[in-house]
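*Asks:* The structure is given below, and queries will be raised subsequently.
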Amino acid sequence: MSIAIPSFKVETGTRASSFSALIGAAVLVLAVAVPFLVPRGAVQDLFFILTMLVLAQSWNLLAGYAGLISVGQQVFVGFGAYTMFGAVILFGIDPIVATLIAGLFAALLAVPTALFTFRLYGPYFAIGTWVVAEVVRLLLAQWKALGGGTGTSLPREATRDMAGVGLLRDHFGMKAAEASDALTYWLALVLAAATIGLIYRLLRSKQGLGLAAVRDNEQAARAVGVDARRMKALVYLTTAFLTGLAGALIYVQKARISPDAAFSVTDWTAYVIFIVVIGGIGTIEGPIVGVILFFLLQNLLSDYGSWYLLMLGLVGILIMLFAPRGLWGAFSDRTGIQLFPVRRMLVGDPLAHTPKGGPHG
Amino acid sequence: MTALLETRGLKAFYGDFQALFGVDISVAEGETIAIIGANGAGKTTLMRAISGVLASDPDAILCRGEPIGALAAPDVLASGIAMVPEGRRLFPSLTVEENLLIGAYSRKVGPTWTLESVYELFPVLRERRSNPATALSGGQQQMVAIGRALLSNPDLLLCDEISLGLAPVVVRDIYAAFPRIRASGASIVIVEQDIGQALKVASRVYCMMEGRITLCGRSSELNRDQIHAAYFGAERHGLH
Amino acid sequence: MGFIDTIVQGVLLGGLYALFAAGLSLVFGIMRLVNLAHGDLIVLAAFLLLVLVTGLGVHPFLAAVVAAPLMFGAGWSLQYVLLNRTLGKDVLPPLLVTFGLSIVIQNSLLEGFSADSRRISAGVLETASIGFGPVTVGFMPLMGFLSAVAVIVGLNLLIYRSAIGRAFRATSDDTVTAGLMGIRPQRIFAMATGIAMVVVTIAALYLGTRANFDPTAGPARLIYAFEAVIIGGLGSLWGTLAGGVILGVAQSLGAAVNPEWQILAGHLAFLAVLLIKPRGLFPRAVD
């Protein structure tokens, strides 16, 4: 008598995902060419979308996958932006190099920040992150060399002489402002693609499985040997780095900073949460859908000021109550389509390999 | 005469997992019945379904002929069915007396049971009334859980595994209170793994296995082999 | 005498913070819900008082008496209709829904009342003060502190000495078993939020008469409330008062050195406590 071993395969890929990889490549090629194809205003719009996407993907990783619900991610946007300003203004560093430094500094800031906020349980963690953001904002508002409470601007020549701007000017005949917009756009594109790639790989890796286990049941995950604290800390540091990079990049383009704007909870957290919630928390596709929708709403309705924000708040609440997996989640549930599949599926039919008769014979 | 409690083809589910497959029991006014069965037979599920913790079909559970299957736990209590849950489930933030009083939170008219009469039933609780409930011994905690249920003045008292984990002498003390509970007019359903204890207290016994009733009869008329077969299952019976 | 005066003003300010915090603490204790719109609800109540005071021409204290049952009803309905749906094992839905609510309240107030900062006039009481030896304290700040003490005494009596309080604690321990006792957890939660909104009304009375407020003042109140709760330790209302006082004194001392450092000094005191005693200064045994 022999026992047939069922042949299982663990797969995460779907047919839609290989298709989407193709589409993705095509979109990426097209996206690279954008600054040569569309007017400057559209490039700026796309820059905005891409940077918001990076922030949204980061927050989604943090809250949707690691269960760390932060309402204080603006601390890394603001700190990243201020680091970049400091490096440019005080040390004369190229803004692009300064942006990289800013990402590292944001990750560094996450270490002491985690020391405080990780002591707080679940919902209190959220407010704890907010307090930390306030503290950093108030401290930076004391820094007179960077304009104190009123803020300051990047020197005009800093962006004009940015690495690469000259190249674009000479070879493609772009104006300095145009060239610097194109450059920041490309950087945002690289950052967004890298962020999605990084998160996708993380979630498909063994660590990603551990992360899902921690989110679903922290105690059980610990019992099977997942180091929940380390996982969460790792995700927190990673998102701080990404958020800091995005923050710095946004302010290279804005070229003017103030503590209130750089640490704005509305701009860098409320909008981001809205994007993730409406698109679908806990999916990679969700923030992509969310950011496009958000951009459309922003353009259509932002003239209505507080009515617009009021509506965003209401829509967010309704989505949370009635479609907690967001638009993409609802779509994916109905069609089964996943562009970035990270769920593991057992492929193979165990019954096909066992002889007839149940296990009890 | 309509029964005080009746279940008709009661099914229960935990998500996709079916735990009860059409259970029929009935309890008459003033009667004490026992439900026996091995671990996992569905006894506790049955209690949870009757008490409204688990939702079921409206007509699957009747109280004096009225459908109560779809009612939530507070509404089941209001129709006169109180439960002593498995594992006692006392409130750790409350003292012994507060645990008892919470039983009277939404009491019906006709106070058969008062704090005073519960203290007479279980005098040791009076001495420990101001202690946190969790500071008591297992047996005393069980007394609190029973007293707490009595304070709602139930017509039917469901006792889920009240002897579980207690020393025989303690179990005896607790069951010693049953004649007085019966004398108050309440019907009682006890869920027991201890068959001897169940047969002693109850006039009728139901035996459950794998979510079904496998035996039902008067305690005095059932013999050992019948119970053994119903408890462990007929096929496996032969293996022993 | 400046130093003692600074401390006394800080203690009184701490009373106000304890009022901000008491409702947050009550709701968290019973249903583990942190309402991110708590500060905005305080500001909403302040605007309600403002409307009553200017519209009906009544004194703020009387306006608070009128507003309290309205706010109770609003809190009860908010919890019963909206927030109860979000409660469960996952902490994400309640946080995000209350965060959305915070944005909705802020922007509704902006639409209704503009961004101007307002103040509720308490008439002659505003400038009235009482001398205690070398220290003079304002009547309204003193009343605020005494109200905080009264609120905490009252809430403790309610929680530990009343039938509804027993039901609160039982529900907090175990909602399923509470249901078996005839307690309807949904109504208990609604009741708790209703009571929290009564406390919020009292907090709004002293917020509005003490200083200017505007529609965006909510988040900062939430943060002070939260800091007071964490400094004091979860689960203890007297701890929350102590936490409020520590925060108030820290802010007051910070402001004495440099007015720009008032808020920062409070945050730093909070972070110091979090670092040294993460469970707060007066934590309850379990929780």
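Residue numbering: from 1, along the chain as shown.
Positions of Cβ are set from backbone N, Cα and C atoms, glycine also.
OK, TrEMBL features for this one:
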TRANSMEM  C:6-29  transmembrane segment
TRANSMEM  C:41-58  transmembrane segment
TRANSMEM  C:64-83  transmembrane segment
TRANSMEM  C:95-115  transmembrane segment
TRANSMEM  C:135-159  transmembrane segment
TRANSMEM  C:188-208  transmembrane segment
TRANSMEM  C:228-249  transmembrane segment
TRANSMEM  C:261-282  transmembrane segment
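Thinking about packing and proximity, how do these listed features fit into the structure?
*Replies:* Listed as Cβ neighbours of the transmembrane segment (C:6-29) (distance under 8 Å, sequence separation of 6 or more from its ends, same chain) are residues 35, 38-39, 42, 135, 137-138, 141-142, 144-149, 151-152, 155, 159, 168, 172, 192-193, 195-197, 199-200, 202-203, 206-207, 210, 221-222, 224-229, 232, 234-235, 237, 240-241, 243-253, 256.
Same-chain residues lying 6 or more positions outside the transmembrane segment (C:41-58) and placing a CB less than 8 Å from one of its CB atoms are 20, 35, 64, 66-67, 70-71, 75, 105-106, 109, 112-113, 118, 120-121, 197, 200-201, 203-205, 207-208, 213-215, 217-218, 221.
Long-range contacts of the transmembrane segment (C:188-208) within the same chain: residues 16, 19-20, 22-24, 26-27, 30-31, 33, 35, 38, 41-46, 48-50, 60-61, 63-64, 67-68, 71-80, 83-84, 87, 118-120, 140-141, 143-144, 147, 151, 155, 158, 164, 167-168, 171, 178, 217, 221, each at least 6 residues beyond the stretch ends and with a Cβ under 8 Å from a Cβ of the stretch.
Within its own chain, the transmembrane segment (C:228-249) is flanked in space by residues 7, 10-22, 24-26, 28-29, 148-149, 152, 155-156, 266, 269-270, 273-274, 279-284, 287, which lie at least six positions past its ends and keep a Cβ under 8 Å from the stretch.
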